[in-house]
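According to TrEMBL:
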type	residues	note
ACT_SITE	Asp83	active site, nucleophile
ACT_SITE	Asp85	active site, proton donor
BINDING	Asp83, Asp85, Asp304	Mg(2+) binding site
BINDING	Lys279	substrate binding site
Amino acid sequence: MLSIRVTATISSSSTLFFTNSKKLSNKFSYISNPLNNSSKPIKWNCKNSRMESSKSSFVTKASAQPLTNPAELIDSVETFIFDCDGVIWKGEKLIDGVPETLDLLREKGKRLVFVTNNSTKSRKQYGKKFETLGLSVNEEEIFASSFAAAAYLKSIDFPKDKKVYVVGEDGILKELELAGIQYLGGPEDGDKKIELKPGYMMEQDKDVGAVVVGFDRYFNYHKIQYATLCIRENPGCLFIATNRDAVTHLTDAQEWAGGGSMVGAILGSTKREPLVVGKPSTFMMDYLADKFKIQKSQICMVGDRLDTDIVFGQNGGCKTLLVLSGVTSLSMLQNPNNSTQPDFYANKISDFLSIKAAAV
């Protein structure tokens, strides 16, 4: 089990305007008191949680074991949380055996939840993608990092008179709108260009109280500068990242630069570490456990990434299963320099179907 403490510092020139830290800390364990005006370091006490990966320390676990007895794993938990990209699909292509595997788990009475760091779609939009791929998944079973950003802002009572500047795509905008939060930016800023002439100075909206950065195929210099001004000059402005994934699967042919590249650009210009609400932060895990009243020890996290999916599960106190159908290869898992070891690994989630074959 991991024991992690994270420290974030806000300069004395910043005044945070949120006031209900008691409400938030009572509901979610990952945060102690982020909402004060003190110039002292603000500490997220993350005993079973992780809001930042860069300041974490890890305890080396025993090497992962191949999944030789899937029936035993299935019987040991009540809920399976699945990552999507690299586990359920790659790009727009469904991975072999997924429909049959999900049907098998549902037949055995397991709750299925789908969690993705990809913020380009809302939960409703992801529901349509599942449907297009022939999978019957309820919107309530889907949790994207776009939803996590909106849910986090709601959980801290983000002021009604404040706005969110979005570096990202439509999914974030839709979730903010559903949450009743004002926003600006997003895809419509994708065509904006800066004419660097003598005396030119960009002005930002002083009412922006948070900048949310996610994967953005329309990323440009205008967005970098606008986000930078908000974070650096608007008192108490939050810097929230949906995720820091280095790569993503836009197609099944190769890996593409992920949301971490956009976050990194803003981090570089502001010198501020973001608050990460997607995996491996356990905000979504805490939210799910609270919503469905699930014991975390009764959850198995299934993913294709060691640094997000597996650490997400481990930080939450869950069983973990790595599948080799996405980003991580067997050689990467078994590399002596890799200290993140899941409980089990399998080629893909359809390895669960071996129990059906054995029963015939």
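Residue numbers in this text run from 1 along the chain shown.
Glycine is treated like the rest: Cβ placed from N, Cα and C.
On the structure: features taken from TrEMBL.
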{"residue": "Asp83", "record": "active site, nucleophile", "Cβ within 10 Å": "26"}
{"residue": "Asp85", "record": "active site, proton donor", "Cβ within 10 Å": "22"}
{"residue": "Lys279", "record": "substrate binding site", "Cβ within 10 Å": "34"}
{"residue": "Asp304", "record": "Mg(2+) binding site", "Cβ within 10 Å": "26"}
When you average the Cβ positions of Asp83, Asp85, Asp304 for the Mg(2+) site, which other residues in that chain have a Cβ within 8 Å of that mean position?
Cys84, Gly86, Val87, Ile88, Thr116, His249, Gly303, Arg305, Asp309, Val323, Gly326, Val327
Using Lys279 (substrate binding site) as the reference point, find which of the recorded positions Asp83, Asp85, Asp304 has the shortest Cα-to-Cα distance to it.
Asp83
